[in-house]
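Remarks on the structure that follows.
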Amino acid sequence: MAQCVPPTNSAQECELRTSEIPTQQFITTKLSVDEILNKYVGEYGVWQWSIVLLIVISSPLMVTLPVFVNAVPDHRCRMEDPIEEIFKEYNLSFEEAAAFVGPWEGEIPVTMMGCLKFALDWSNTTLIENLLLNKSVVSFIDRESLKTKACVNGYVYRSKEFQYPSTVVAEFNLVCDKSMLSPLGTSLFMVGMLFGFIFGGYFGDKFGRRNGAIVFSIIELLAAVGVSLAPNHHIYHLMRTIVGFSSTGKAVPLRLLPIELTNAKYRSYFTSFIVLGIVFGHRAIMTGIAYLVREWRLLNALSTLPCLTCFIYFCLLPESPRWLLSQYRVEEAITILRRGCRINHILKKDKSKLSQFDNYLKDVNKNQSHMGKLYVHGEPISVSERFINLLKSTKKITCCRQMNKALIICVLIFTMHSLAFLGITLFSKYINYNVYIVTLINALTGIPGPIAASVVYRCYKYRRFPLMCTYIISAILLCIGGVYTVLWEPLTDNVLNIFCNGALIMYSASTIMLSIYCAELFPSYMRSSAVGISNGLGRIGGIISTLVNYTDFAFKHGTPVLIYSGSSMLQAFLLYCLRDTSGEDLSDVDKGLESATDDHVHQNGSNKSIDAGREEFVINLKTLEDRIKSSPTTVTNL
């Protein structure tokens, strides 16, 4: 490498060997992952697809478990054993026994049905048998005048038609005065997801995509076991909250990893495949398991079996080379890229790509030795140059503010996205039909959106405009359906359902697009944290959506749909405030966070700082001497 010589007469004595200075930072800026993937490794080969397939297999969608296990069955007060035996002897149906025990349909609000029993002398079996035998006496009893009291012996349950027969509601008696505990558990699961996104993003940036995914996957597996073994609803809800926390904590680095292992052209393919595999594939598999297995603990255990594949992460899941470069761990990044190159070309006749890649690395390593000589001046630079340095420092601060602005806008967009997407889903009219068929149909509705997103992002270079179009189309569809329902007040919701389902397809497409676009807005060293924070805080919108849906009762039917239409337009406006991306040359370090030019360093023959690729790296005299003392005598070979 060039030598750093102070401008003195004793130049030979003061000569310093800068070849001994660590060059990781310089080489990092010279390595282009996009170029390496395009020319040598391959952008969509066996290596990438095997990783994507592993991610899909190991990511069960446990958020849909409450569809089956949180169903509320019909229930009545459980009586003393002698009375229950009498009911069996007289062959009473569930409705007949429930109406005999306490207030039933038409006599009490639906939410209180089966929660009270008449204050009779239930220990007198003779009286009970006489009442059952003498139907005329029972018919003349003024049921409304009878006093009632709460159930003390628990409840007798009967699953509704097409309902999953085994539920946590029945096992833990989450009815009547405990009826709020079941939806509270769902809310806790969402809170866990919120914090999972945030902490998953932080861990992904701090410790790497691979390490973050492994840690959260093991936590998810242990928590899933805890769910199946839960002895009471307290442990059940705690374990479910941890499952929500760990599943999203794992999802952040795993969703980013395929994005960082390919180039802009193919990111939508990998992201769409992951979403299809998880949202449709795992949901359909859970539906099939639920149809065959009629016990909720076993259903949870079998549905979480794919989590066991997390142990394969130790062997097959690579670290993101972009993240490694952002941490200046060049050798590890090169090792991973070489492995990917070898795997992608293992079935191809052309075996020269790996040697070409090695030659490329040698050229990069050789280029660093042709840097211009550095002269270290003891004298301070001029006032004008100090002013230039001040402007560069201001640029650094401004760039940080731009990142903060992008992060805040992304949080708002994800909040509006979660508000409308989840709100429309919950607002959809309930279908009184087989729960297994309904769940399968809901899974099928998630297919068109990801396919459309992958095709659009494959054909169109830039990200922002197609994403804005999906939100504008969603807003128009929701506005038409909402206005029609509010003004014309139709007897059925067929028109509203059609437009809402159309908007849901657009939102499923925008989910893919938004994930890719948001990830490309940030450099590798903060990408995982930014995506995690945006997704996590965006879950607040999903919580708010339950309140928005209550406006359907407070105002006219269809009002929530108009609110969601407005939120879609707001998302399009917020997108306009962000910069556009094409996904090309994905930044591994923040281009704006340049190191300030030191006051004591100049390049040989000019006042320009060293151009080290995309950043400037300059070294003052003290730093130079410290590095020479602490660094090895030779540069590490790549």
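Just so you know, glycine gets a Cβ as well, placed from its N, Cα and C.
What TrEMBL says about a protein is an automatic prediction, not a curated fact.
Not measured: the values here are computed from a predicted model.
The domain 'Major facilitator superfamily (MFS) profile' annotation in TrEMBL covers 110-583.
The annotation transmembrane segment is assigned in TrEMBL to 46-69 (among others).
Residues or ranges marked as transmembrane segment in TrEMBL: 184-204 (among others).
Annotation comment: TrEMBL describes 210-230 (among others) as transmembrane segment.
Within the chain carrying the transmembrane segment (269-292), a Cβ under 8 angstroms from the stretch's Cβ atoms is held by residues 44, 48, 52, 55-57, 59-61, 64-65, 68, 164, 255, 258-259, 262, 299, 302-303, 306, 436, 439-440, 442-444, 446-447, 450-451, 453-454, 458, 508, 511-512, 515-516, all 6 or more beyond its ends. What TrEMBL records for 269-292 (among others) is transmembrane segment.
Residues annotated as transmembrane segment in TrEMBL: 298-317 (among others).
What TrEMBL lists as transmembrane segment is 406-427 (among others).
If you look up TrEMBL, you'll see 433-457 (among others) marked as transmembrane segment.
If you look up TrEMBL, you'll see 469-488 (among others) marked as transmembrane segment.
For 494-519 (among others), the entry in TrEMBL reads transmembrane segment. If one looks beyond the transmembrane segment (494-519) by at least 6 residues along the same chain, the residues whose Cβ comes under 8 Å of a Cβ in the stretch are 255-256, 259, 267-268, 271-272, 275, 279, 410, 413-414, 417, 420-421, 424-425, 427-429, 445-446, 448-450, 452-454, 456-457, 463-464, 466-467, 470-471, 473-474, 477-478, 480-482, 484-485, 527, 530-531, 534, 558, 561, 564, 568, 581, 583.
With respect to Cβ pairs under 8 Å, the transmembrane segment (210-230) is most closely packed against 298-317, considering the stretches 46-69, 184-204, 298-317, 406-427, 469-488. Mean pLDDT for the domain 'Major facilitator superfamily (MFS) profile' (110-583) in this predicted model: 82.
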